[in-house]
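Report on the following structure.
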Amino acid sequence: MNAGAAVALAVVALAVVIGLAARGRKQMDLEQWTVAGRSYGTLLFWVLAAGETYSTFTYLGASGFAYANGGAAFYIAGYGTCAFVLSYFFLPPLWRYAKKHNLVTQADFFTHRFRSPWFGALTAIVGVAFMIPYIEAQLLGLGQIVETTTGINRVTSMVLAVVLIAVFVYASGMKAAAWVSVLKDILLIGTVLVVGIAIPVHYFGGFGHLIDTVQAQHPGFLGVPAPGSPLGVPWMMSTLLVTSAAFFMFPHALAAMYTAKSEQTIRRNAIYLPLYQILIALTLFVGFAAMLVVPGLKGSATNGALLSLTLKTMPSWVVGLVGGAGALAAIVPISLLLLQSATLLARNVYQGVLRPKTTEQGVFRLSRGLVVVVTAVALLFAIFQPALLVNLLLTGQNGVSQFFPAIVLGLVWRRLTKAGAATGLVVGVAIVAWTVLASKNTLWGLNPGLLAIIVNIVLTVGVSLATAERREPTVRAEAAEGVA
């Protein structure tokens, strides 16, 4: 075993120990397991939010997309910042609503706000369906990182990783994800800064000369659209809007928000989290550098642009740290995705509509068991139906972005009805599903997710106005709690 492989495996082993130790001495129940007792202050919440947000996509997808599509990749550096601006305004009232009514999943909001367990179950199923591509993307990224940096077979590394993840999620839940995020963030920030700065300086003398060289050898590549790419300005801007709306709409992202100690914690993080976008910008530059230094990568091989250049440039122990950090960049979001997928199915589908008399302890036990089931399904998809990481991420983002109108309007508009929210959501998801099945990555040059959101909003508002007289007084009284 070479030094790089030893370092990477040591990092993963340390993460497993931290994950198991995170349980602590407190009695583990559903709230502790899913939202860590809503106890995280600014620093730990920042680490957790960054942990679930900045994943293998930071290492692989962003640089690979820049390698393949040129200037269109700059949307990646912008959508997180736009999402944090939105979160400053709508996440604090959502956190307040969740704390008041003891919500632990995204679907709990729909169940409580619209007084409908069936609506909660529907949103739970939709959420899980669109988290599976996200889990698959993380598993594929993890497999590629471990295989490239250690030589361990991709499928073997994915199987071993999901077993380890399932074990510490089963034992420690959200606390495992939070504390492993501390190690992951330290390594991710360090390795991206080193690789993202050292590679452009080593090969081109700096960022300016890198850009000049790209422009000289591939004129127009840094423009939008790049030559040969169908992704023009309309696609870029529409994707920026969709991904900004989707950023906190993944069920695991909202569950991470529930862990905050206070509204002020959430607002502070909306201010500080954009600093992480600097790392994204650096990985884009590495993608541009890789296009010049290791040309010829095609299809899914572009996901390995950053790793290929790191192997070519860095000493073995640095490659090992990159591999270990990359593995943790998959492990943290996978653990949150598995945790929330299992909880949604157990709490909002099984307890919500199938067996309403199930106790909280029963839901807790079932959630733990379903972690294994969801893990197996995602692993099978990753092994037998691999795809480009960006395509998988965009599929999930387009899908969960359809929650945005119902959640935001549910907080600020008293006249929103269950019929309106459900109609908009179902039609929006149907449009996204059709574009995925028909392999339509663009419609009239736009991201199809934006068209789905527009139709969703129109139907949500229109049907709500038409059915407003049927609202129950209790629903009206609970709506729009305290948005400034």
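Numbers here mean position along the shown chain, with the first residue as 1.
Each Cβ is built from the backbone N, Cα and C atoms, and glycine gets one as well.
The shown structure was predicted, so the numbers you read here are calculated from the model rather than taken from an experiment.
Listed features, source TrEMBL:
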type: TRANSMEM; residues: 6-22; note: transmembrane segment
type: TRANSMEM; residues: 43-67; note: transmembrane segment
type: TRANSMEM; residues: 73-95; note: transmembrane segment
type: TRANSMEM; residues: 155-174; note: transmembrane segment
type: TRANSMEM; residues: 186-205; note: transmembrane segment
type: TRANSMEM; residues: 235-258; note: transmembrane segment
type: TRANSMEM; residues: 270-297; note: transmembrane segment
type: TRANSMEM; residues: 317-345; note: transmembrane segment
type: TRANSMEM; residues: 366-384; note: transmembrane segment
type: TRANSMEM; residues: 390-412; note: transmembrane segment
type: TRANSMEM; residues: 419-437; note: transmembrane segment
type: TRANSMEM; residues: 449-468; note: transmembrane segment
Candidate ranges 235-258, 317-345, 366-384 - greatest C-beta contact count to the transmembrane segment (43-67) (under 8 angstroms): 317-345
Among 73-95, 155-174, 270-297, 366-384, stretch most in contact with the transmembrane segment (235-258) (C-beta, under 8 angstroms): 73-95
Same-chain residues at least 6 beyond the ends of the transmembrane segment (155-174) whose Cβ lies under 8 Å from its Cβ atoms: 12, 16, 19-23, 28, 32-36, 139-140, 142-143, 146-147, 180, 255-256, 259, 327, 330-331, 334-336, 338-339, 368, 371-372, 375, 378-379, 382-383
Proximity verdict for the transmembrane segment (419-437) and the transmembrane segment (449-468), three or more C-beta pairs under 8 Å: yes
Contact call for the transmembrane segment (317-345) against the transmembrane segment (449-468), three or more Cβ pairs under 8 Å: no
Top Cβ-contact partner of the transmembrane segment (73-95) among 6-22, 270-297, 366-384 (pairs under 8 Å): 270-297
Residues from the same chain, set at least six apart from the ends of the transmembrane segment (366-384), whose C-beta lies under 8 A from its own: 30, 33-34, 128, 132-133, 135-136, 139-140, 143, 155, 158-159, 162, 165-166, 169-170, 338-339, 341-343, 345-347, 350, 358
